[in-house]
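Peer 1: If you scroll down you'll find the structure; I have some questions about it.
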Amino acid sequence: MAISDVHETSVAGDGANHSSLRQRHSRVASSGGNMFDEAEASAEAVMIASSGSDDSLNEKIGAAREEKVKERQKQKEEDRKPPDHASRNEVQDGERAAAGDNFTYRASVPVHRRIKDSPLSSRNIFKQSHAGLFNLCVVVLIAVNSRLIIENIMKYGWLINSGFWFSSKSLRDWPLLMCCISLNLFPLAAFMVEKLAQKKRISEPVIFLLHTIIMTGEILFPVLVILSCDSTFLSGLTLMMVACIIWLKLVSYAHTSHDLRSLSLSIEKGETLPNNLNMEHPYRVSFRSMAYFMVAPTLCYQPSYPRTPSVRKGWVFRQLIKLVIFTGLMGFIIEQYMHPIVQNSQHPFKGNLLYGFERTLKLSVPNVYVWLCMFYCFFHL
């Protein structure tokens, strides 16, 4: 009987514990507990059911539950603390993004959120983008010059003469054509000088003297041909542009070759070069590099150049069209504005100096436009 009483008592106690645990589990679920709380309650129920009415185990479970309650209260207190500056900005950005664009352009949205100076104040005027002001200047410049062009044409008519550009001998102007072809002899002469310098046949003063003679002859020879043949404007302009390009290329070729030669001599003597000097291209005179430099669109010589895999034919065609347009614009300004002013002017030293000064100022504006067009054609196109 005693055994049966104990068994009934334990069974009854277990039933009571199970019922109390079921009630606790229902309270946790009804109070919005998460999955972790439900799993914790189920684990406690299994432990109590397997241990019966062990008081020591109940005390341990109660102590563990109290510690978890304290941890949760501590976590809630930390959540109530105000976030730092960075997290506060992130929260504000998130709230602002979640609000959407519905309230972005409303009149109630504050525009001034912090203290700052006006963009046109003396403190901020040079910190702003002036693209709009630049566009305004371009529009005003185009409008003013268009008015002057229309006024000039209405007053004097179309002054451009085809003889200024072409003449009966323009297409058969053989002296200028032969002069343009013969300009290739000067780069060949500069190459021979550098070849002799590489073999150490001539000294540095002789190299400098020979390069000076070659460059001087290259720029004076076409001038003498143009003056002696009385060529037309377009033919003479083309020849002089080619001559100036070759002259600048020869200057760069002589200068760079001298520098590479000096560095090579320093290396042969065992001198230590600075780290900022790039000697990936040693001094080596090559006819191939010289020939490519003469046709490359650059005025700075170096033994090798970075190149695209293929020739950009569309880009070359666009540059050619721009060259034709800006050359025509130069001719229009010279023929329509500058040539009549010069023809109708008297010599300033034989007449009124004030009148000569006025003529000079009148020529200054079209001269600036011609200079800009020539600079763009010469150094870019």
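First residue shown is number 1, and so on along the chain.
The backbone N, Cα and C atoms fix where each Cβ goes, and this holds for glycine too.
The feature region 'Disordered' is assigned by TrEMBL to 1-33, 50-97. The annotation compositional bias 'Basic and acidic residues' is assigned in TrEMBL to 62-97. For 133-154, 174-193, 205-227, 233-251, 320-339, 359-379, the entry in TrEMBL reads transmembrane segment.
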Peer 1: Quick test of the contact rule: Cβ under 8 Å, at least six residues beyond the ends. What residues does that give for the transmembrane segment (174-193)?
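Peer 2: Beyond its ends, the transmembrane segment (174-193) has Cβ neighbours at 202, 207, 210-211, 214-215, 217-218, 221-222, 225-226, 228-229, 231, 235-236, 238-239, 242-243, 246, 249-250, 253-254, 285, 287, 290, 294.
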Peer 1: The transmembrane segment (320-339): which same-chain residues, six or more beyond its ends, come within Cβ distance under 8 Å?
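Peer 2: Distant Cβ neighbours of the transmembrane segment (320-339) are 149, 152-153, 159-161, 164-165, 233-234, 237, 363, 366-367, 369-370, 373-374, 376-377, 381.
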